[in-house]
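Engineer: Quick one: structure below, then a few questions.
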Amino acid sequence: MKSRNGPLRVGIGGPVGSGKTALTEKLCKAMRDDYSVAVVTNDIYTTEDAEALVRMQALPSDRIVGVETGGCPHTAIREDATINLQAIAGLNERIPDLDVVFIESGGDNLAATFSPDLADITIYVISVCQGEEIPRKGGPGITRSDLLVINKKDLAPYVGADLEVMDRDATRMRASRPFVFSDMKRGDGVSSIVNFLREQGGL
């Protein structure tokens with residue numbers, strides 16, 4: 001499925017604790033039998049997320065690369081994506097038949113975006129636990145990502161979040177751009193995200 005332009009590069013961003021690594025794990029497990037998949041994770045001072053994905057057996061360890069960004073994690077996905085582009089180039093060299101590379105950003109704020117030179121498709125993950133007002137706060141991740149994932153919907157009753165309000169606000173803020181509610185712990189919403197990637201990414 002490798003295109004002439006190389007593998008489909010999917011950027012996964014969102015605040016700390018929103019569920020980016022859980023989403024990356026679920027997507028890898030859902031797609032690895034049909035596609036050649038790899039992951040690049042971004043952490044400021046460690047490769048903890050990459051190590052977590054290896055422990056979760058999301059993919060073989062040679063398909064998971066962790067980069068230490070230092071400083072502000074958004075710089076490595078936006079202003080200067082060199083470290084990530086180099087990691088992808090290394091994966092391409094080792095695994096020439098790659099179809100999809102997931103690029104998981106370090107936890108960041110609502111203003112974080114991926115450089116178009118780095119990601120073909122962007123997914124932004126927020127958590128119900130961050131408050132029902134998060135969708136209406138806006139920011140590029142909320143309004144301009146190709147897909148918004150509102151995760152941990154199962155916890156809404158425990159944190160006083162109204163999913164109907166979040167649905168309404170997300171619809172208003174994103175206009176025609178899609179979003180999905182998910183519960184990564186149970187895998188709820190994963191199939192919708194995979195279908196989105198297949199359709200939008202031409203897989």
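Placed from the backbone N, Cα and C atoms, the Cβ positions cover glycine too.
Straight out of Swiss-Prot:
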{"type": "BINDING", "residues": "Gly14, Pro15, Val16, Gly17, Ser18, Gly19, Lys20, Thr21", "note": "GTP binding site"}
Engineer: Three-state secondary structure of Thr21 (GTP binding site) from DSSP?
Structural biologist: helix
Engineer: So, in DSSP terms, is Val16 (GTP binding site) helix, strand, or coil?
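Structural biologist: DSSP assigns Val16 (GTP binding site) to coil.
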Engineer: Same chain only, sequence gap of 6 or more: which residues have a CB within under 8 Å of the CB of Gly19 (GTP binding site)?
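Structural biologist: Looking at Cβ-Cβ distances below 8 Å from Gly19 (GTP binding site), excluding near sequence neighbours, one finds Val125, Ser127, Val149, Asn151, Lys152, Ser182, Met184.
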Engineer: Give the residue from the binding-site residues Ser18, Thr21 that has the most other Cβ atoms within 10 Å of its Cβ, counting over every protein chain displayed.
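Structural biologist: Going through Ser18, Thr21 one by one, the largest Cβ count within 10 Å is at Ser18.
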Engineer: Can you list, in sequence order, the residues of the same chain other than Gly14, Pro15, Val16, Gly17, Ser18, Gly19, Lys20, Thr21 whose CB lies within 8 Å of the CB centroid of the GTP site?
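Structural biologist: Other same-chain residues near the GTP site: Gly107, Val125, Ser127, Asn151.
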Engineer: At a 10 Å cut-off from the C-beta of Pro15 (GTP binding site), count the other C-beta atoms across all protein chains.
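Structural biologist: There are 19 such Cβ atoms around Pro15 (GTP binding site).
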